[in-house]
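What Swiss-Prot lists as region 'Disordered' is 1-28, 499-523. The compositional bias 'Pro residues' annotation in Swiss-Prot covers 15-25. Taken from Swiss-Prot, the feature transmembrane segment applies to 40-60, 72-92, 113-133, 268-288, 310-330, 362-382, 388-408, 424-444, 448-468.
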Amino acid sequence: MAGHTQQPSGRGNPRPAPSPSPVPGTVPGASERVALKKEIGLLSACTIIIGNIIGSGIFISPKGVLEHSGSVGLALFVWVLGGGVTALGSLCYAELGVAIPKSGGDYAYVTEIFGGLAGFLLLWSAVLIMYPTSLAVISMTFSNYVLQPVFPNCIPPTTASRVLSMACLMLLTWVNSSSVRWATRIQDMFTGGKLLALSLIIGVGLLQIFQGHFEELRPSNAFAFWMTPSVGHLALAFLQGSFAFSGWNFLNYVTEEMVDARKNLPRAIFISIPLVTFVYTFTNIAYFTAMSPQELLSSNAVAVTFGEKLLGYFSWVMPVSVALSTFGGINGYLFTYSRLCFSGAREGHLPSLLAMIHVRHCTPIPALLVCCGATAVIMLVGDTYTLINYVSFINYLCYGVTILGLLLLRWRRPALHRPIKVNLLIPVAYLVFWAFLLVFSFISEPMVCGVGVIIILTGVPIFFLGVFWRSKPKCVHRLTESMTHWGQELCFVVYPQDAPEEEENGPCPPSLLPATDKPSKPQ
């Protein structure tokens, strides 16, 4: 094949191209490796989980959960149940994360256990709809809350919201492209900010309770249903709530960038999930100390309405706090979304350019640019609550398949070293609830669930054409090589080199790009 650019193998890391040619700005003969750096400690690991979970969901989902629950009491039950199910899933992911210590999360585990097609379908749905939709929803929530004080009596103009959302997205794409350390510092800082914002809501809510303002929480009122509850509606309420908990598995996407992942991955999960469940439950309790169910359902910005009713002159604090919270959520989603694209390209399931990192910053710039572009497209179309239903259904489908893989791995490879091995009842209990949720979601919203399945299945022909079919015409190979060379020169990126042993912290040294000469013309 013409040219020297190496295509990633179907499994494992791509090998560096032989005899690379020096390019301007690099140091010929440098012996150091270009690789992803291990800069994520326990604190940053916790903030990645908390920062990704606590984004826009707690400010959007309460309305959807209450609408489908039919009562305050049942809505609160859904939030507690959501935290419990998330805890079960996170325990299973902790076992998978230390047994298969690869970045890529669900995608890496499904590919390892079920093979390339299953892994590609999960990757396809995640890259095409799950991540860009979640990022679009969080970005639009950010802009709506920032603009709320400017348009206090109406919904902010759609054009203004989209422009501000895009500006925020591009800013954070630049930050993540420039430095892993900058990205994690932003995550640490804004996670602390969002916890302070929710602590303010919870604190004001507790003050309301101590003053006796909890009429909606009294049992006689809390379980006064304004519609006949059904299992199908309860399943939809849980799907809405699950959007607020999405992100609990994101730390598994950056395992290779963690310091001592075998210890810090499970520790971060055990610290973060109970904390988030506590915060979510008491935030919703606080909402109901200030608003009736009807007021909450009619509110376009729940936290803003809460602030207007209880904070008076300081009500401006709430939209600012929510904006800071969602800003951190955008950063966290970008960070993990780009690592998923990076892992997929490294396995040969996405264009090889996405498996490359900048020679100095050691960041996956091509993957970040793809993430930004895909989110921008999704941002231009779609209703928020409909998008949440699509994403929640596909998310839960992928979670269940991954945890089913845990049981299959136990059976196939019983001798595999597992520093963490959860009780068998935990994955079984999760899968029982998972099956229940999906069945009743199909019954209640067949269109939404059907579209979700179709989105996943559209990846089948793409897999066979793009991945499985190896003997493509030479013109296709020349085109892809040419585009890869062009992308390398534009982004100044190189394949990361395999680590012979655990990499120490430190600056990423410059290295050589794989040959940037153009592919030779066929003879």
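Heads up, the Cβ atoms here are built off N, Cα and C, so glycines get one too.
The recorded stretches the transmembrane segment (424-444) and the transmembrane segment (72-92) share 3+ CB pairs below 8 A when only pairs 6 or more apart in sequence are counted, and are therefore in contact. Note: the stretches the transmembrane segment (268-288) and the transmembrane segment (40-60) are in contact (3+ CB pairs below 8 A, sequence gap of 6 or more). Below 8 angstroms of C-beta separation, residues 51-52, 54-56, 59, 135, 138-139, 141-142, 145-146, 148-149, 168-169, 172, 186-187, 189-191, 193-194, 196-198, 200-201, 204, 208, 247, 290, 301, 303-304 of the same chain, each at least six residues beyond the ends of the transmembrane segment (310-330), sit close to that stretch. For the transmembrane segment (113-133), the residues of the chain that approach it from at least six positions outside its boundaries are 10, 106-107, 333, 337, 340-341, 344, 347, 349-350, 371, 374-375, 377-378, 382, 387, 390-391, 394-395, 398, 401-402, 405, 408-409, 412, 455-460, 462-463, 467-468, judged by C-beta separation under 8 angstroms.
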